[in-house]
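J.: According to TrEMBL, the protein has these features:
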- 1-18: signal peptide (SIGNAL)
- 38-227: domain 'Peptidase M12A' (DOMAIN)
- His130, His134, His140: Zn(2+) binding site (BINDING)
- Glu131: active site (ACT_SITE)
Amino acid sequence: FSPLLSFLLLSLQTLMLGRQKRGPVITDDDIAQSRRRNAVPCTSRGCTWSKGSNGNVVIPVFISNSYFIIRSLLTFHRTTCIRFVWWRGQSDYIYFFPGSGCWSYLGRQGGLQLISLNRFGCVYLPIVQHEVLHALGFHHEHVRSDRDDYVRIIFRNIQEGQLTVNTNNLNTPYDYNSVMHYSTYAFSISPGELQTITARNSNVEFGQATEMSRKDIRRVNRLYQCSEFKIKTKLSEHLADITCNL
Ligand SMILES: [Zn+2]
């Protein structure tokens with residue numbers, strides 16, 4: 001891009017962001033509510049991202065400026081058929097920006113869609129992966145339709161209600177290690193003291209994920225039918241992606 005074209009594109013982005021200045025309504029802690037769709041599962045009604053003829057799901061991104069976010073996105077390249085590319089005017093794309101807090105929309109919205117990653121507290125691998133998984137169409141693990149078999153929700157200790165959502169679990173078992181699972185004091189009226197989520201099997205620890213679990217990865221690959229993706233194992237190949245692909 002020429003500097004002038006880049007400047008014009010940036011001005012356009014700023015204008016579009018300005019229209020959303022007041023920000024979306026956030027529910028479930030970090031899920032922005034779409035005006036166009038708000039129900040779950042959205043994946044059955046076309047909120048997934050489309051697949052290219054080579055079997056990869058190409059998602060254009062605009063990242064204001066963070067090498068760390070790019071590195072985090074590349075973890076999807078290693079384990080799934082999701083491929084993030086720099087936005088070049090495609091109609092549907094994700095715009096990463098440092099808004100207030102960490103939040104994302106659920107599934108592809110159509111057009112520009114935001115993921116907010118505040119500089120303070122959001123730019124960590126599990127959080128970037130978590131918000132991207134929302135944009136790919138995944139809800140929280142602890143709101144899964146079968147969660148009551150695995151965890152107890154202690155509603156009296158919760159600031160706001162937690163609902164069970166009719167999720168598409170993609171035939172994967174409940175996953176305490178999911179990067180989409182909150183910890184035992186989530187939304188607590190007294191964090192560190194009053195628990196809000198406890199495991200039915202008390203030996204299990206959860207909400208401590210430092211990266212996507214194997215089941216998180218398996219779900220992405222099932223939802224996007226990534227059977228033919230090639231796993232890249234060498235870091236040098238990922239770094240090559242940054243210059244070639246992103
Ligand atoms: Zn979330």
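Keep in mind that glycine also has a Cβ here, set from the backbone N, Cα and C atoms.
Note: TrEMBL annotation is automatic and uncurated.
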J.: Can you check which residues sit near His134 (Zn(2+) binding site), meaning Cβ under 8 Å from its Cβ, same chain, 6 or more apart in sequence, and list them in order?
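T.: Listed in sequence order: Asp30, Ile31, Ser104, Tyr105, Leu106, Gly107.
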J.: What's the number of neighbouring CB atoms sitting within 10 A of the CB on the residue listed as 'active site'?
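T.: There are 25 of them.
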J.: In whole Å, note down how far the CA of Glu131 (active site) lies from the CA of His140 (Zn(2+) binding site).
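T.: Their Cα atoms are separated by 10 Å.
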J.: Summarise the model confidence on the domain 'Peptidase M12A' (38-227) as a single mean pLDDT, whole number.
T.: 89
J.: Residues other than His130, His134, His140 within 8 Å, Cβ to Cβ centroid, of the Zn(2+) site?
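T.: Counting only non-site residues, the set is Asp30, Ile31, Ser104, Glu131, Leu133, Phe138, His139, Val179, Met180.
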